[in-house]
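Novice: The structure's right below; bear with me while I get my questions together.
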Amino acid sequence: MSSVVVVGTQWGDEGKGKITDFLSEHAEVVARYQGGNNAGHTIVFNGVKYKLHLIPSGIFYKEKICVIGNGMVVDPKALLVELKYLHDRGVSTDNLRISNRAHVILPYHLKQDELEEERKGDNKIGTTKKGIGPAYMDKAARIGIRMADLLDREAFKEKLERNLAEKNRLFEKMYDAEGFNVDEIFEEYYEYGQQIAQYVCDTSVVLNDALDEGRRVLFEGAQGVMLDIDQGTYPFVTSSNPVAGGVTIGSGVGPSKIKRVVGVCKAYTSRVGDGPFPTELHDEIGQQIREVGREYGTTTGRPRRVGWFDSVVVRHARRVSGLTDLSLNSIDVLTGIPTVKICVAYKYNGEVLDEVPANLNILAKCEPVYEELPGWTEDITGVKSLEELPENARHYVERVSQLTGIPLAMFSVGPDRSQTNIVRNVYGI
């Protein structure tokens, strides 16, 4: 039995898709366990760039099973768009499996997400407005509609009628907005369900059978630890658990079956949306990192906020996700910067903090304590081993591993999967 979890250690956009794609080569099953189409990942496969939001990165390998787990929330309309996107490019999706227990995002979730953000004004969370939060709210309130319901004409109609009676009252009374017609949503989305029915099954059985047979299973996290609803910078977080512990809940696989956890981070930090960001850069270096690193959201297109590498954040991720291995991406983006900095602690009211404070008012006032290292000017995009890196770049990578306390397993010097280099094999093969 060999299972590996890939999680983001920052605020998402760390390059998890590329690392998952890279690790997929030796995996036999690839599964997502939380989130929805609010997560965007860019994958370069055979020289072609693909942008996915729902479907696991392993979809490009026909012989590998790809799983959308029960912990995800699925917009059937968005899923069908993504399936067509792949089919139009000659990519088969016969290897896709969708949990019959995954919850469904419906039009009223999208509308509620948008209206609530507008209502909050300056206090908005900065959601992607994909209906993720409202769908998870309904799940917690036990009124959600699952894939199994979507495929059952009678059950879907009954639950939709009940939910819309409440949702339409909410739209009219709280937001002064029009509600939805039950029949229109029912006919449209029941048809969507029929189009994806071939993929729907009990994915917990699929995953556990694979593990019991000794097959290699890769679990692909979305977003990042700092966006985790429990361990992140709450309330500026997503509505699910990207931490490694989310695998057991979101896939139906027991914790004893998780063997390795790879934490993915960039050589700097980025963030989309609102919330505290201690190492954020507002100067020319920040702009340089944004442009060279192409720091614009895959899902939203919004410019990402960027800053220096924060070892306090990644140490937090190591602790709450039990990270066993580190994957450091985008080292090449820092090339040409004379002095590079790593945040080693925070300072608040004269006190040095080694951990991320839960109180966001405190976090917002924290000043980063930096360690400065000499930069490098050499082109490193063709480097194939740690030893080939220029001395200053190699020292930077080693220092990140030391400060975070996570052994380095791989590092990347560019966006293509061929620019990802293995230091040690996470599958133990």
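Cβ from N, Cα, C; glycine included.
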Novice: In Swiss-Prot, D13, E14, G15, K16, N38, A39, G40, H41, R142, Q223, T238, R302 are given as binding IMP, so which of T128, T248 is in that site too?
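Specialist: Site partner of D13, E14, G15, K16, N38, A39, G40, H41, R142, Q223, T238, R302 for IMP, according to Swiss-Prot: T128.
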Novice: Work out how many Å separate R304 (substrate binding site) and D13 (active site, proton acceptor) at their Cα atoms, rounded off.
Specialist: 9
Novice: Give me the CA-CA distance between P303 (substrate binding site) and N38 (IMP binding site), in Å, as a whole number.
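Specialist: N38 (IMP binding site) has its Cα 16 Å from the Cα of P303 (substrate binding site).
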Novice: Quick one, of the recorded positions H41, R302, which Cβ has the fewest other Cβ within 10 Å?
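Specialist: Across H41, R302, these recorded positions, the one with fewest Cβ atoms within 10 Å is R302.
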Novice: Taking the Cβ of V413 (GTP binding site) as the centre, count every other Cβ atom within 10 Å, in any protein chain shown.
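Specialist: The answer is 25.
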Novice: Counting other CB atoms within 10 A of each CB, which of the binding-site residues T42, T128, Q223 comes out lowest?
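Specialist: Comparing Cβ neighbours within 10 Å for the binding-site residues T42, T128, Q223, T42 has the fewest.
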Novice: Between Q223 (IMP binding site) and K18 (GTP binding site), what C-alpha distance do you get in Å?
Specialist: 14
